[in-house]
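S.K.: Sharing the features that TrEMBL gives for it:
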| type | residues | note |
| --- | --- | --- |
| SIGNAL | 1-21 | signal peptide |
| BINDING | Asn93, Arg94, His195, Ala196, Tyr197 | beta-D-galactose binding site |
| ACT_SITE | His195 | active site, proton donor |
| ACT_SITE | Glu330 | active site, proton acceptor |
Amino acid sequence: MSKFLVILYVVCLAASGFVNGSIIKKEKDQIRVFELKKGDLTLKVTNWGATLISLLLPDKYGKLGDIVLGYDSPTAYTNDTQYFGATVGRVANRIGGAQFTLNGIHYKLIANEGNNTLHGGPRGFSDVLWKVVKYQRDGDRPKIKFSYNSFDGEEGFPGDLLVTVSYILSEEGSLSIVMKAKALNKATPVNLVNHAYWNLGNHNSGNILNQVVQIFGSKFTPLNDQLIPFGNFSSVKGTPYDFLKPQVVGSRIDQLTKTNGYNVNYVLDKNKNDDNEVKVAAIVTDKRSGRVMKIATNQPGLQFYTANYVKNEKGKDGFVYQPRSALCLETQAFPDSVNHPNFPSTIVTPEKPYNHLLFFKFSTTHAPHGF
């Protein structure tokens, strides 16, 4: 890159208020925390990155605990490098070579992980201020809806995009997250993800190695050394990735030396009648607390990540998070889909909007936990 282009790029970043990870004071002053409450479940979110910052619910003894990793201050999320609880986009996960071709046009993105683009680029949707469209704190259906207008060329992606994310408490012990996007003028790839770090024992209870996970995916997408899919599918059978039956997380995790734990995309098993139908993706159980979390989605994939790169991260109440201190179970499109024609398409057009449904059902072993 020429010296002139470098200077121009820095000037543009400064104009947007973002240089070296900082944001203008005006934006910081607008960061707020919003609470939703229904029964024993209390959810807190912030308009910075449309981020889920805490989820409080009882264990089997009735003792309340927060099961989401994060920070005490909402402004701390402006310097977050782990994407704690964030809404990630325009395209979550990785795009190989930070580039793709769409409708005959080659697009070069901003690389922020080696030669690749991760989670939308240096300033993806997790690092912007979202607008609050609707907010109802309690009642029969507590809800908050955020919106963000992504401009043509943002982080290199084509087209103007209107994005909304809604958090809804519709039933006792239930959380719905609805992520929508509408292309306003050009076709563009979209893959939105909620990047919550879950620890059903409580955010400060240590590692998750004794928690039990079941994932309804018979195949996964093998990765190269840069965590970019080769483009093929492999069976989970006979591998440490097999969670078709409930497995203790720590039982085989040490076999995954290259990634220091789980960091893989599962191909979720389809319903027989409808590929786009909502299906159960995963179930997590913590026997010590008795908490159970069931996840359902209409997306084709699920990224399972065991916080492998979280190290000495000072979180809530001064607790220091370490590797394997949480589970990320991110419903999504497959990584690098835009460069693999055999993967389900992530292309959104003005005629074909994006609609990502994500449902959580929380319970304890002393209560029914069906959807």
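Cβ coordinates come from backbone N, Cα and C, glycine included.
These numbers come from a predicted model, not from an experiment.
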S.K.: Roughly how wide, in whole Å, is the group Asn93, Arg94, His195, Ala196, Tyr197 that binds beta-D-galactose, by largest Cα to Cα distance?
M.R.: 19
S.K.: Round to the nearest Å and give the CA-to-CA distance linking His195 (beta-D-galactose binding site) with the residue listed as 'active site, proton acceptor'.
M.R.: 6
S.K.: Please report the distance from the Cα of Tyr197 (beta-D-galactose binding site) to the Cα of Glu330 (active site, proton acceptor), rounded to the nearest angstrom.
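M.R.: A Cα-Cα distance of 9 Å.
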S.K.: Around the C-beta of Tyr197 (beta-D-galactose binding site), how many further C-beta atoms are within 10 angstroms, looking at every protein chain?
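M.R.: The Cβ of Tyr197 (beta-D-galactose binding site) has 27 Cβ neighbours within 10 Å.
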S.K.: To the nearest whole angstrom, what is the C-alpha distance linking Asn93 (beta-D-galactose binding site) and the residue listed as 'active site, proton acceptor'?
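M.R.: So the alpha carbons of Asn93 (beta-D-galactose binding site) and the residue listed as 'active site, proton acceptor' sit roughly 10 Å from each other.
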S.K.: Write out the long-range same-chain contacts of the residue listed as 'active site, proton acceptor', meaning residues 6 or more apart in sequence whose Cβ is under 8 Å from its Cβ.
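M.R.: For the residue listed as 'active site, proton acceptor', the qualifying residues are Ala92, Val193, Asn194, His195, Leu302, Gln303, Tyr305.
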S.K.: Excluding near sequence neighbours, so keeping only residues 6 or more apart in the same chain, what lies with its CB under 8 A of Ala196 (beta-D-galactose binding site)?
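M.R.: Ala196 (beta-D-galactose binding site) has long-range Cβ partners Leu52, Leu55, Val68, Phe84, Gly85, Cys328.
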